[in-house]
Amino acid sequence: MAFSSYLKCYPLSLPHSINYHPPPLSFSHKPTSNSFISFASTQHHDQVTAPSPLSNSTPPTTLSQLPSDFTPKQLLDTLRRQTDESSALRIFEWASKQSSFTPSSAIYEEILRKLGKVGSFESMRSVLEEMKLAGCEIGTGTFLIFITSYAEFELYDEVVGVVEMMENEFGLKLDTHFCNFLLNVLVDGNKLKLVETMHSSMVSRGIKPDVSTFNVLIKALCKAHQIRPAILMMEEMPNYGLSPDEKTFTTLMQGYIEEGNISGALRIREQMVEVGCPCTSVTVNVLINGLCKEGRIEEALSFVQEMSNEGFRPDQFTFNTLVNGLCRAGHVKHALEVMDVMLQEGFDPDIFTYNSLISGLCKLGEIEEAKEVLNQMVLRNCSPNTITYNTLISTLCKENRVEEATELIHVLTSKGILPDVCTFNTLIQGLCLTSNHRMAMELFEEMKKKGRMEEASQLMDQMIMEGLKPDKFTYNSLLTFFCRDGDIKKAADIVQSMTSNGCEPDIVTYGTLIGGLCKAGRIEVASRLLRTVQMKGMVPSPPAYNPVIQALFKRKRAKEGMMLFREMMEKGDPPDAVTYKIVFRGLCNGGGPIGEAVDFAVEMMEKGFVPQFSSFILLAEGLCALAMEDTLIKLVDMIMEKAGFSDGEVSMIRGFLKIRKFQDALATLGDILDSRNPRKAYR
């Protein structure tokens, strides 16, 4: 029976996967040989086409990592040690030029893994092609790397698309192992509709399922809260000559437990015993955890004893589950006894053990005992985490011991542990409860410094309720955060709170909100707000104009963008470097005739601003495509003059231009600008 027949409903959210296509890695400013036609083309691209990811000739930063007569294993080990894909690619490029180099599938696959971790999927495809050209064996294992990489970025449509690439482009056939891996990835991503599609495809191809196939499908049904269909799926296994294994039964038990039906899980265990399937430690731990979750601690302890008589040896998870269950039930004394047994059995208590004990003691109001457990924890070299401190801070605040709670936060941060939302919320409530306004204000400033604006906003609300009024700088800093985060509703609430509390918004406030609206795609609202600012008699600054101008160019409304730019020159503060960068970029991306882009480049340089090189290269491509090289030469001369190039640099670039080597001239121009001022307006 098909998987779709079992899947009765889809209670889980099944959104389409996001479209995330990072650009391939680029190692230089040099345009490709055919890139000089893009400006004059009807289709424009934001970036010059990047070279092949393995085309860089830069040697590895540490040549001593490999001897000149390296073996394939030495190269592979070196690549595996690299922490970033760029280093791995440079080492590979250097190694591939050595006489001792022998291409192998393992080496190429390691490069694929490095690229996959950072989402460089186009580069992965390029590497795959080079792997094919090198004559290396490409098997299904190679494509499992693609599946894993896509799944890491939640690109599940692309995960399924790997099958088509594998079959159509490389002539490989699916096998049961490959399908099981793919199905499991989709199940872990909660993509149950894609699981259904992939399973149907597997059946239509005549690929026989094995026990692992059924286990994955049963897991999918359990995740969809379809326990009865999952049972039916297990019952169909004998029709394929298969028998359920320990994983089958354990998955069903876990499914029942997630539904809060421990009785159902115990029935599955009985069925497991009846068919002679041995219980593993995983099975036992799942049931113990289920019993403890339901508060059936005595049954859990009895079950452990029963299974111990049958040869089961409790492990770390078993002890932690029992300790946690006992603490949740208020039996901390018994939990400490279990921890003693745990130590006798050779297992050291870990963070989970200690957090359970501290939580249990705090619930009983035994704060000093909880602190003592914390001290023991540190003495045993077990580092407390945020959960540990949050539990203690919450209890101290409830007992009105806020100063102690604050001291504990300082201890926490001194150990390099960042407080989370729960930490600050707890302390905020405690400070406001005790009307400790001075300490609340200090905490607010500390949160802002650390970028914890969500918590700072909540604290501000509490402070206002207590009669403390934040100043304009406080409001604007919160507004900036929420606008950058794309939370326009929260940003609008901040402005509303600001006016309600007698703090008049200024041009910084409005400029920030306009930027947030444009970022959220609400350009018309942003434009109206800009007009409102003018009607209030304020002079809009570049931060108020720039987002609207940029949004207009991005929407291909270049004429309106230019009109707003000219208005800004007449009625607002003078345009800044960002303004010129936005307008020039828009014009070079097809926002008008090429002559207008040239004129604007001249205009901005006369105002003292050097064009951004990534935009200028697009203009250069268009000029070359239209045989306007003389205009390009004049613009390059102006850039070199405004950027203060040395005589030697000018001579070198002019030498390239004189012999019509425009690509070399532009690449050199870009390199010099980048090395001179890499973080400023050139780029």
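Start at 1 and count along the chain as shown; that gives each residue its number.
Positions of Cβ are set from backbone N, Cα and C atoms, glycine also.
Unlike curated records, TrEMBL annotations are generated automatically.
Annotation source TrEMBL lists repeat 'PPR' at 175-209 (among others). Across the repeat 'PPR' (175-209), the model assigns an average pLDDT of 94.
The repeat 'PPR' annotation in TrEMBL covers 210-244 (among others).
DSSP places the residues of the repeat 'PPR' (245-279) in helix, strand and coil in these numbers: 26 helix, 0 strand, 9 coil. The repeat 'PPR' feature in TrEMBL is assigned to 245-279 (among others).
According to TrEMBL, the feature repeat 'PPR' maps to 280-314 (among others). Outside the repeat 'PPR' (280-314) by six or more residues, the chain places 246, 249-250, 253-254, 256-257, 260, 262, 265-266, 269, 272, 321-322, 324-326, 328-329, 331, 345 with a CB less than 8 A from a CB of the stretch.
For the repeat 'PPR' (315-349), the residues of the chain that approach it from at least six positions outside its boundaries are 281, 284-285, 288-289, 291-293, 295, 297, 300-301, 304, 356-357, 359-361, 363-364, 366, 377, 380, 382, judged by C-beta separation under 8 angstroms. Taken from TrEMBL, the feature repeat 'PPR' covers 315-349 (among others).
For 350-384 (among others), the entry in TrEMBL reads repeat 'PPR'. Sequence-distant contacts of the repeat 'PPR' (350-384), counting only residues of its own chain at least 6 positions beyond either end whose CB sits under 8 Å from a CB of the stretch, comprise 316, 319-320, 323-324, 326-328, 330, 332, 335-336, 339, 342, 391-392, 394-396, 399, 401, 415, 417.
The annotation repeat 'PPR' is assigned in TrEMBL to 385-419 (among others).
Here TrEMBL flags 420-454 (among others) as repeat 'PPR'.
Positions annotated as repeat 'PPR' by TrEMBL: 471-505 (among others).
Annotation source TrEMBL lists repeat 'PPR' at 506-540 (among others).
Residue counts for the repeat 'PPR' (541-575) by DSSP state, with H, G and I taken as helix and E and B as strand, are 27 helix, 0 strand, 8 coil. The repeat 'PPR' annotation in TrEMBL covers 541-575 (among others).
What TrEMBL records for 576-611 (among others) is repeat 'PPR'. For the repeat 'PPR' (576-611), the residues of the chain that approach it from at least six positions outside its boundaries are 39-40, 44, 46, 542, 545-546, 549-550, 552-554, 556, 558-559, 561-562, 565, 568, 618-619, 622-623, 626, 628, 631, 635, 638-639, 642-643, 673, 681-682, judged by C-beta separation under 8 angstroms.
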